[in-house]
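Peer 1: This is the structure I have questions about; it appears just below.
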């Protein structure tokens with residue numbers, strides 16, 4: 001139905017859709033968890049915050065899991081190279097993400113204050129650490145990772161955990177935290193009753209919105225003037241078989257901006273990133289809650305899309321080997337697998353979106369302190 | 001490859017997978033039992049069934065969340081620790097995992113939130129529908145992961161492509177309808193149903209022994225007895241024996257389970273007991289029942305059950321043939337257009353994986369001597385005593401489960417299940433047994449697959465990531481500490497919930513006075 005080139009483009013776009021889907025849904029759960037100890041002081045307040053995401057976080061988390069599975073199916077090279085390369089960072093991420101479900105479910109099972117406070121901090125870790133690690137990982141993808149492939153296409157990684165935390169990667173990590181905390185804060189203003197928690201969420205939301213704009217701008221400046229970017233020397237064959245060794249890459253400072261000259265419409269993504277954050281800020285200060293939530297969603301979508309579009313056709317460049325970089329044209333599954341998976345996704349994703357919206361509608365309405373105190377089904 | 005890294009990678013995968021599968025079977029079975037209980041509530045409208053559903057639902061929640069949390073590790077561990085595996089078979093293996101996410105995980109995870117939070121936000125029937133979606137989602141996820149696992153045991157519908165140095169899909173239908181995957185799916189979910197039935201049976205027995213919550217316990221036990229009897233029959237009768245004649249590795253598994261060192265004349269006898277000795281390749285003190293194995297394994301009187309020595313000889317031929325394929329691949333790497341080498345590769349490509357076995361002993365398989373090939377052929381034999389004993393313990397527990405549930409079903413039919421104290425005690429102490437059988441079953445399936453990560457295609461020792469021992473130790477210790485802590489917390493919360501009982505509020509109907517006087521268990 002589609003040729004190999006189109007299938008690869010579709011899967012490159014779908015990877016973006018899954019990542020953005022993850023940021024828009026689970027992103028606010030992470031932000032809410034990171035804000036938990038700060039926006040809510042008393043036990044009732046904290047339970048209100050936890051229950052604002054209580055019924056939905058499990059479904060949201062599946063965006064992350066499915067994202068992993070989809071990368072495995074469509075981009076096996078990316079799955080194999082990145083997760084084994086960023087090995088200890090992945091462990092950190094998984095350990096933090098494991099704390100989160102358990103924290104949600106177990107925290108309120110016992111009345112003991114020390115128990116609950118420990119879980120509140122576990123939830124904070126489960127929100128803050130993943131947000132940070134995701135950003136640091138994206139920063140390292142932009143910088144290029146120190147890996148090379150041998151003639152059997154086995155990947156060797158030449159770096160360490162601490163080596164990931166370069167200034168630019170940390171900047172990306174903080175941007176990711178700011179972006180998701182903003183999204184979490186706008187969710188809270190929308191979902192919890194008016195009162196102290198609502199007010200504090202507005203305060204943190206404003207700070208996060210400003211931080212998003214500033215950090216995103218700083219990131220852009222580094223990409224423009226720093227020593228970062230890759231360029232393809234040989235012309236890639238979009239219909240060729242997936243073997244990265246046949247591509248030659250060179251490092252060219254500023255190359256990540258090249259696409260915006262080739263395809264000016266791509267500027268839309270960074271513009272959305274800035275405009276969304278500003279919209280969220282305006283919405284929060286004026287008390288327009290739906291607008292601010294929409295704004296933070298647009299900001300996250302715009303920022304993530306900016307990364308993908310700037311790097312196109314690269315997905316994971318190698319910083320140490322000219323013949324190992326992974327691109328849209330050399331790192332995918334076969335046309336057959338991509339085609340089957342396009343079909344499966346086209347059938348299943350709309351169904352998922354339909355029942356997710358239904359679930360959202362069923363749980364519509366603000367969480368109140370009164371309901372927290374009386375509803376036996378609440379965490 | 002560093003052998004330490006290989007062993008540690010296997011250890012970590014085994015630990016995290018076995019731990020994950022402590023929680024999964026209960027989820028698989030209890031979700032359907034909740035559907036049954038809630039259906040009775042919707043049909044009869046009697047509040048006691050609402051109490052019952054919500055009570056087991058709370059225990060379900062405590063268990064479910066750890067399944068979710070530890071499942072995260074599983075989804076990414078192929079990439080983190082089995083990077084070459086991910087590259088080599090990602091074109092086939094990734095798809096079921098992605099579909100599992102889209103079709104199953106979204107379903108169960110979205111609806112599980114509504115199941116717990118939605119009691120007062122929708123009609124009774126709608127809530128039952130939600131509960132059913134959770135059960136459907138969990139069971140669909142088992143289907144897709146077993147399609148993936150079944151493909152590792154019987155890699156159909158795929159071929160090696162020297163241009164991309166990996167296996168690529170040729171027939172997705174063959175991957176989907178892999179007979180081994182289907183047998184495994186039925187066997188695994190049935191085991192989950194048995195596990196949940198024993199859980200409900202045992203805890204209900206505890207309440208009955210103590211004379212507490214008799215109304216809830218009696219009814220729960222009836223559900224468990226019926227569901228458990230059907231499931232335990234299914235798990236044994238529809239066990240995955242049926243796939244054991246399909247591939248060389250499956251035949252080897254069967255031979256190892258039976259410690260059949262040589263092919264016996266058909267129909268082969270089954271060894272009930274014995275001491276497999278790997279040094280002399282004999283089984284001492286064997287107690288045999290004639291004919292039975294031949295009947296079970298080949299479903300015929302004249303089918304042979306191939307012995308290990310014969311399978312090793314076959315492996316030796318396949319290694320020799322595979323070396324030709326390996327040589328052709330190396331030449332195609334340099335010159336992809338070489339037609340003669342391409343033809344040589346096509347003739348021998350089925351055996352390429354066997355040549356890779358030599359890499360455990362020599363860097364370039366083409367340099368292997370015939371003696372080395374003969375010695376390497378014995379690598380295809382898995383750990384025989386471990387296979388032999390795991391199977392026997394698992395099968396014994398399986399038959400015991402049938403007996404337990406047959407008795408439970410009989411007593412429930414005679415309405416004597418609340419007063420037969422010896423049976424209640426037996427049910428209580430039986431709670432851990434399904435878990436033992438299930439974990440042994442996984443060890444049997446995965447250790448039995450050794451030395452292969454993908455049967456006949458990719459040896460395990462080539463499948464790992466290029467990691468350091470230090471990195472692996474860090475994560476093994478980290479996961480063990482984290483998982484250990486969570487296990488302790490989980491068990492404590494379970495016990496606290498069981499102790500608190502099914503009733504959430506004072507206004508709930510009080511349990512009917514039972515026929516047994518309340519007294520502590522003395523045994």
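Placement of Cβ uses the backbone N, Cα and C atoms for every residue, glycine included.
Residues or ranges marked as transmembrane segment by TrEMBL: B:20-43, B:55-74, B:94-118, B:125-147, B:185-209, B:221-239, B:389-411, B:423-445, B:470-489. For B:504-523, the entry in TrEMBL reads region 'Disordered'.
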Peer 1: Would the transmembrane segment (B:423-445) count as touching the transmembrane segment (B:389-411), if touching means at least three Cβ pairs under 8 Å and pairs must be 6 or more apart in sequence?
Peer 2: yes
Peer 1: Hey, which bits of the same chain come close to the transmembrane segment (B:94-118), Cβ under 8 Å, at least six residues off its ends?
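Peer 2: Same-chain residues near the transmembrane segment (B:94-118) but 6 or more away: 31, 57, 61, 64, 68, 75, 78, 86, 127, 130-131, 133-134, 136-138, 140-141, 143-145, 147-148, 151, 169, 172, 175.
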Peer 1: List, by number or range, the same-chain residues at least 6 past the transmembrane segment (B:221-239) whose CB is under 8 A from its CB atoms?
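Peer 2: That would be 29, 32-33, 36-37, 40, 183, 186-187, 190-191, 193-194, 196-198, 200-201, 204-205, 208, 395, 398-399, 401-402, 404-406, 408-409, 411-412, 417-418.
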Peer 1: If we call contact 3 or more Cβ pairs under 8 Å (sequence gap 6 or more), are the transmembrane segment (B:20-43) and the transmembrane segment (B:389-411) touching?
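Peer 2: Output no: the transmembrane segment (B:20-43) is apart from the transmembrane segment (B:389-411).
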Peer 1: Between the transmembrane segment (B:55-74) and the transmembrane segment (B:470-489), are there three or more CB pairs that fall under 8 A, provided the residues in each pair are separated by 6 or more in sequence?
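Peer 2: Yes, the transmembrane segment (B:470-489) contacts the transmembrane segment (B:55-74).
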